[in-house]
Amino acid sequence: MNSVSPAAAQYQSGSPEDARRPEGRRPRGPRTPDPNSLGPSGASGPALASPGVGPGEPDEVDKFKAKFLTAWNNVKYGWAVKSRTSFSKISSVHLCGRRYRFEGEGDIQRFQRDFVSRLWLTYRRDFPPLAGGCLTSDCGWGCMLRSGQMMLAQGLLLHFLPRDWTWSQGVGLGPPESSPNRYRGPAHWMPPHWVQAAPELEQERRHRQIVSWFADHPRAPFGLHRLVELGQSSGKKAGDWYGPSLVAHILRKAVESCSEVTRLVVYVSQDCTVYKADVARLVARPDPTAEWKAVVILVPVRLGGETLNPVYVPCVKELLRSELCLGIMGGKPRHSLYFIGYQDDFLLYLDPHYCQPTVDVSQADFPLESFHCTSPRKMAFTKMDPSCTVGFYAGDRKEFETLCSELTRVLSSSSATERYPMFTLVEGHAQDHSLDDLCSQPSQPTLRLPRTGRLLKAKRPSSEDFVFL
């Protein structure tokens, strides 16, 4: 057989009984927010509790819904993880800009180490109530925010650590929920601190620090609480659906307001167009001779009408082959996934839909297992939702120029005149161009190809095509 199933390509989870058991069956009283907690001050929003229930007090129906949804997600995930993910021995696998061929055991191990070192941010439960309500889990609605967190986390890994960095404890992980460490209350949460040490330990310290920035606590700069708070200015609240374009702008605001990350900015493209002068103005320093800031470039796009237009698939593959690409925040309709690579006609992704208990990251040795996935999964390009956001990272001026050269080549490589580029890269500022010149969504019908290729082969529906909300 010309396929291989790496040992670390197995989903590892708790027992089926654990997956089916709703978390929180142990009796406990209603959670009332501590007025002296570290939650965002002045946060307001519509109460989510039923009439007659005090603010911040979830009624029994709300608690049952949350428990049932958590259990349902984990049962569904548990069924999906029983099968192996097979990879072809013939075709290359592209992961975060790196190319792998499974020709020997060493190749498989290198792929395993690289994959498991990506940060995996999923649904969580039992965290402090979100602003404006009593929700203590994002199960069923927060998957796009989690995908956005994973994309930003990949940018931070590139920003603070070498590209060839891998988590030394990654291979051979146990079940994601094997650790009993859980959140113990908001009142005493503080970012962890570590002493300086050897280069390897310093990299591990930085790794843990990055993970802690995504903690499910109001004071974490890129945590769910902060992202939900920033979404309120766009009319969103906890429990709402967030699209990939909105999440891109939320991430930009989060980085802008983060005091821990000072030499990194986020640029979000306008109308499918990246304006090079606007990016340069954002990253340049007052001193012309000073080094540029690093930049994460987020490009919200729509690659078709109701379904993905197959003409964009070659371009998506080209972008995922670049080491400067952070991946794609997208997924299937109303089912967000974080795409980080591909093999043949299948995307590789990290799935945020597994609900795990919240981890208390205030301790220096908090467990990292639940923030790393041991199980690469694949999805056909044909199932990809056309609405998504592509991310890129440039650490300095030279990398930005390299990125511009790569994008110019990829976006202009199409030989078919009827094809539209995914987005455009132009000189100058946005204000220098009229709205008529911007790359908005084409009004012409979606180009369809004959039903002869593998990409358009009919497939039987599966449970993955439906999302319980």
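Cβ coordinates come from backbone N, Cα and C, glycine included.
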> Out of 63-102, 263-302, 303-342, which range is noted as region 'Cryptic mitochondrial signal peptide' by Swiss-Prot?
Replying inline: 63-102
> Across all chains shown, how many C-beta atoms besides its own are within 10 angstroms of the C-beta of D351 (active site)?
Replying inline: 24
> C143 (active site, nucleophile) has how many other Cβ neighbours within 10 Å of its own Cβ?
Replying inline: 25
>> Give me the CA-CA distance between C143 (active site, nucleophile) and D351 (active site), in Å, as a whole number.
In response: 8
> For H353 (active site), what is the secondary structure by DSSP, using just helix, strand and coil?
Replying inline: coil
